[in-house]
Number of protein chains: 2
Amino acid sequence: MVRGRPREEGIDDAVRVAVRALLTETGYQRCTIDAVAARAGVGKAAVYRRWRSKAELVFAAVIHPVELEPPEDTGSLLGDVAAVLTVIESSLDGVELRQALPSLLADVRADPALEARFGEVFLGRERGYLVLMLERAVARGELSRRPDPALVHAILLGPVLTWLHLFTETPPSGGLAASLASPLHAAVAALGA
Amino acid sequence: MVRGRPREEGIDDAVRVAVRALLTETGYQRCTIDAVAARAGVGKAAVYRRWRSKAELVFAAVIHPVELEPPEDTGSLLGDVAAVLTVIESSLDGVELRQALPSLLADVRADPALEARFGEVFLGRERGYLVLMLERAVARGELSRRPDPALVHAILLGPVLTWLHLFTETPPSGGLAASLASPLHAAVAALGA
């Protein structure tokens, strides 16, 4: 299909739409950078300028972009934890991602340079925002010290990732993020007590 | 290499050793059931009788067998959580598994019948043992009600899995399971309060 080429600022959106469509229609293996460029109607060079690998392109299109919104300040650590869990759940949910994630992680694992870049770009960005959340809780007097952000990252991300991508059952009544907010707030509070 | 065929009762051990060796030497893709049978010096039929798929064979050889030991009764929920986390950490640790797990999960995800069997055999078994742990805590008066075992499963497994298989850093000083025991005990206690 021939389409008009989107302007520079429209490329990211066009790529995102193309990745999601290709994951649904053909799966991760056949969602190549060339196929994405063709589907989005943009030049391959434009795609390679933005993304060094297919895994990165798919991650940014489906899970979250490199630039994240700072976490919402709800006024309390419990509220902030609930908001972060909702963001994590919506980032990791979806049948296309459920199909694609193991292959994406296998690609990342097979390439140490890519793995290092992933840790820096995506995980590092996520963790930076958790530090903001934790420092707000310390400033409010809800935590007496800032816990290890890596542990907090594992404690908030891990249960959502495990439920959505390892378990086969439907989320608990009331929703996954809402069900995890109170226990995982207790975990973070215990770390920073 | 020609080796004597192990007796029936030795087959599981021989297969386990062969899987680990092949994962280290050749990686998951080339660790086929045929290669495992040849390396273990057992008939392919014997391997297929025990394991319906390569993913199941590798999971049982590297992560945990179908029959798990019941979780240790340490006398307190905090101690039991710490013991379970230590078991989870040692099951999921190791460079071969770090390389193999994404491909193994991709195989499972690609086959709904295999995914259902995995949920039933491995995750179901794990969850059954967590129920024992939770019921002991209720009987001791440490929890006022038994929390949803699926949520507890995600809360204990998720952070360990995420740290060992998604993060690239070394475990926190003092060890991963020990660092997570107190916050995740607080999470389980909050769920069962």
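Cβ coordinates come from backbone N, Cα and C, glycine included.
As annotated by TrEMBL, DNA-binding region applies to A:32-51. Here the DNA-binding region (A:32-51) has, by DSSP, the following mix of helix, strand and coil residues: 15 helix, 0 strand, 5 coil.
Looking at the domain 'HTH tetR-type' (A:9-69) alone, the prediction's average pLDDT is 89. Per TrEMBL, the feature domain 'HTH tetR-type' maps to A:9-69.
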